[in-house]
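If you check Swiss-Prot, you get these features:
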- 1-28: signal peptide (SIGNAL)
- 182-492: domain 'Peptidase M14' (DOMAIN)
- 248, 249, 250, 251, 323, 324, 378, 379: substrate binding site (BINDING)
- 248, 251, 377: Zn(2+) binding site (BINDING)
- 317-337: disulfide bond (DISULFID)
């Protein structure tokens, strides 16, 4: 009980660090010099959470439920099994699936598995292995603690500025930095998207992409540069780049990275010629959280949930793997309870159908063509291009993919000296046997939608934390990703037309 109490206390701290910014998001006006509605009722509500008298304040029922779910991972570990023989990968995957284990990552070199510590002997007796995470609960807890070091303003200073109507763009920028120093829940992310659309309404537009099985709206942010010669008229025939994150709910790091890239493009449009060129050249659509139901579930119930939350016919299990539900190399014969389950038919998931409609209907009606597509994931630090379904298919653009990928990994490395790999997304067992990744987004958009430059981007890390990357790594990762985005856009702009 003492351990559980300490967990709840840290959740209190996390909520306190976020709540001021959430209020700001909800009440920001649509101007660069912000004025914020404020009254005693709001301040009273704020105080009931933060506790200005120094005592721990009340916390939402959702946060309490989430805190009590953390001990569910007690005595669980994450291990890496090294592949030393040609049939190791298929053997390990079959055994893991038969035991209903959570497969975190796999490639031609290793397989990462989440399992009970008591079951580790079975695996290490058969394969050379290492323990990556020896205390899953502790590592999970580290991932949610916000990084509030070097905050330029105190909470009281921020509140005073809001109350006096003196909240300017500089202070907003500083608190946006704080927004990126901890993981945010879905409500905060959606409020942040609305704020961006309000602050930069001459450059951006909020886009409802679709509705999920649980009735939530998938929100995107559309970015365009200013074109004085067009007199504000809608630009037609513009090339589009789509960047999506959060298709797998537990891969949290991709979400703030996508948000950060969108913010930087908006904030630097007037001061950076390279950014201005990219917004003038392309229409950018950022979708930070495609799997909104699943992401919400990782905050309320199970931090390591991956699929969406769509009910399945004739199954007690929930959810579809959104990156296995596309109509290229689709496989509907996977166990519905598996994280790999891609549904009974392509586009069965509301989320993939929504993105399909965006690409094939909404944009085509505006005579716009998608030329770039980035599907942002974690972990493994890799840049991958089609085809994922099979290594027997070589895209005719392989040399171009490789040229661009080399530039992308150089940019990712340049920022913080992090090494990323690059390759075709299929995973070979060896020189003869192949592994198939069915129904992936990058395969469909490349083959069926004729998108020239689709990539699957897997951000930090290499397995030390896996899906539980600490909050202190959000900003460094996001900066790497933004540098990569700039190179990606410049490459397409200069060499693809």
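Keep in mind that glycine also has a Cβ here, set from the backbone N, Cα and C atoms.
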Of the recorded positions listed here (317, 337, 377), which is spatially closest to residue 250 (substrate binding site) when Cα positions are compared?
377
When the pLDDT values for the domain 'Peptidase M14' (182-492) are averaged, what is the result?
93
Listed recorded positions are 317, 324, 337; which of them have CA atoms within 10 A of the CA of residue 377 (Zn(2+) binding site)?
none
Sorted by position, what residues of the same chain at least six away from residue 248 (substrate binding site) have a C-beta under 8 A from it?
291, 294, 306, 307, 321, 322, 323, 377
Looking only at C-alpha atoms, tell me how far residue 337 (disulfide bond) is from residue 324 (substrate binding site), rounded to the nearest Å.
14
In terms of DSSP three-state secondary structure, what is the assignment for residue 324 (substrate binding site)?
helix
Using the alpha carbons only, what distance in Å do you get between residue 378 (substrate binding site) and residue 317 (disulfide bond) once rounded?
24
Count of other CB atoms lying within 10 Å of the CB belonging to residue 379 (substrate binding site):
23
